[in-house]
Amino acid sequence: MVRRNFFVNFSARLRNSQDDNKGVYYLKRFAIRLGTRKTITQLQDEVDQTNELKRTLSTFQLLALGIGSIIGTGIFVLSGEAAAKYAGPAVILSFIIAAIVAGLAAFSYAEMASMVPISGSAYSYTYATMGEYLAWIIGWDLILEYLLAAATVAVGWSGYVVHFIETVSKHNATKSIVDAPVAWSEESKAFYVTGKVINLPAVIIIVALTILLIIGIGESAKINLVIVIIKILVVLLFIFACCGYTHPNNYSPFIPPNEGSFNKYGITGVLHGATVVFFAYIGFDSVTTTAQETKNPQRSLPIGIIGSLTISTVLYVAVCAVMVGIVPYKTLDSPNPISEAIKGTPHGIWLPIIIDLGAIAGLTSVSLVNLLGQSRIFYSMAHDGLLPAIFAKVHPRTKTPWVSTIIIGAFCAVFAAVLPLGILGEMTSIGTLVAFFLVHISVIIMRYTHKDVPRSFRVPLGPWVFPSIGALLCLLLMVTSSKETGIRLGVWMGIGQVIYFSYGFWHSKLRNSQQLEPVTGFDNIGTELGEESTKNEYVAEMDVFNEKQL
């Protein structure tokens, strides 16, 4: 009833307005309400008052966490598809371009993390800089990113498990239960039925990880470190065991000529390949979700973010250089491209088995981290009132957000069961690019609105150079994504608008906590801070930081 009266009153005011200025005034007031933001003081108070997590993570453990989150599907799965369909041997350049874009984003993430050490990642940063509405958009975008990332990893996990079983037992798995029932045709630009039924292994791993998260299993730093060591050793083993079997002919032409389609090879194909493999770099932002569990977040988070990205990039480029040199790039269109590349060497059965086991272990941890990160985003948004409180409900015995975990696991299992790898990977990449773009903008805004707030790390060359270039490169990669991917993103964001304006707009704890006069009409829809109150708010925030010696 309140919502109906609000919109009826709003429409009536606009219709009855005698001049355009009156209507513009009401629209501006409405925009102000959408732009309600959290102050740095409020974010810091949330950390101090509601943080029940123990600060145990060191800089080295954060570095290991970042590497563990990054090295996974991007190199073990999507690298082959990007080479075979879009970039050819120049997939090496695709990884370098994606690394540059991710590296610039890492600088911005590092500055924001050192300034606002709170879980919630880009969602929390946007809430503090650009207001609630854009925070909702980025939060809804992060839901897409983490959800489809977990599904993509599960599909890649399925491919390596099937290959491992076939290698060890010489038994060919029934294709109807290990592949997606639908696929996407680049020629007709439409989905088609493959004749398969379900990707059963992908569903099994999602269900198993969901159950573990409900029970309350946690990845300790020691376990994660072991997994990271295994993955790095597997990657190094592939590089050094196979680099002697590369053939110069496989690198020619390095950039295959375009075949008429925008994404089919050529320079545009290399750029599109960068969009696809950009998925390989999304793991570093998961480091920021551990801000409240880090001993010295202002110092350790920037090192963990930038260090893990640098190490992973070097390994990625080396793997791609060897992989496309061993076999013709068109043979790499497989969920397990590294195993396919090894077939071009005389190493026999032992190396594929080791690679498969390393990939399975690594992809399992990455999928678990993505599902865990998804639940944290849900929890943060529900805690702010933008989603129903049930998503923030914690089980009294296991102390886990069990309801949201079940819902997330169910949707993820469905996506992994029926959608092909390429669709999942591209949707995850474009969602990540949107998040990175807004973090770049947040850095620029915060340098001018909170220029005196202490930062243990600052983006080099000031607030305009790297953040501006990074934001433009994010836009470039988004433009080079397929039209269909953009449409799917638009549909997802449209669903988000419906949910926000039907629920989140009315239940926002931040705006409802403000001392507003009784609302009798649209005149009182929001409050505007005067120049003096804005100044007082800023001074108060600086007092808090000085007292806490941040």
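In case you wondered, yes, glycine gets a Cβ from its N, Cα and C as well.
Owing to the predicted nature of the structure, the values given are computational and were not obtained by experimental measurement.
Annotation comment: TrEMBL describes 60-78 (among others) as transmembrane segment.
Below 8 angstroms of C-beta separation, residues 79, 82-83, 122, 254-256, 269-271, 273-278, 280-281, 284-285, 288, 301-302, 305-306, 309-310, 313, 316-317, 320-321, 324, 329, 433, 436, 439-440, 442-443, 457, 459-460, 466-467, 469-470, 473-474, 477 of the same chain, each at least six residues beyond the ends of the transmembrane segment (90-110), sit close to that stretch. The annotation transmembrane segment is assigned in TrEMBL to 90-110 (among others).
The transmembrane segment annotation in TrEMBL covers 198-218 (among others).
For 225-247 (among others), the entry in TrEMBL reads transmembrane segment.
Sequence-distant contacts of the transmembrane segment (267-284) (same chain, at least 6 residues past either end, Cβ-Cβ under 8 Å): 66, 68-75, 78-79, 81-83, 86-88, 90-91, 93-95, 97-99, 101-102, 106, 109, 145, 149, 152, 255-256, 258, 305, 308-309, 312-313, 316, 366, 369, 422, 425-426, 428-430, 432-433, 476-478, 480-482. The transmembrane segment annotation in TrEMBL covers 267-284 (among others).
Here TrEMBL flags 305-329 (among others) as transmembrane segment. Panel annotation: around the transmembrane segment (305-329), residues 62-63, 65-67, 69-71, 74-75, 79-80, 83-84, 88-89, 91-92, 95-96, 99, 102-103, 106-107, 109-110, 113, 232, 235-236, 238-239, 242-243, 245-248, 250-251, 280-281, 283-285, 287-288, 337-338, 340-345 of the same chain, lying at least six beyond its termini, place a Cβ under 8 Å from a Cβ of the stretch.
The transmembrane segment annotation in TrEMBL covers 349-372 (among others).
Sequence-distant neighbours of the transmembrane segment (402-424) (same chain, 6+ residues past either end, Cβ-Cβ under 8 Å): 77-78, 81, 85, 147-148, 150-152, 154-156, 158-159, 180-184, 198-200, 202-203, 206-207, 209-210, 213-214, 276, 335, 371, 374-375, 378-379, 382, 390-395. Feature annotation from TrEMBL assigns transmembrane segment to 402-424 (among others).
Listed by sequence, the residues of this chain that lie at least six past the ends of the transmembrane segment (430-449) yet keep a Cβ under 8 A from its Cβ atoms are 101-102, 104-105, 108-109, 111-112, 115, 121-122, 125-126, 128-130, 134, 138, 141-142, 144-145, 148, 275, 278-279, 282, 285, 459, 462-464, 467-468, 470-471, 474-475, 477-478, 481, 485-486, 489, 538. The transmembrane segment annotation in TrEMBL covers 430-449 (among others).
Per TrEMBL, transmembrane segment is recorded for 461-480 (among others).
Taken from TrEMBL, the feature transmembrane segment covers 486-506 (among others).
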Proximity verdict for the transmembrane segment (349-372) and the transmembrane segment (486-506), three or more C-beta pairs under 8 Å: no
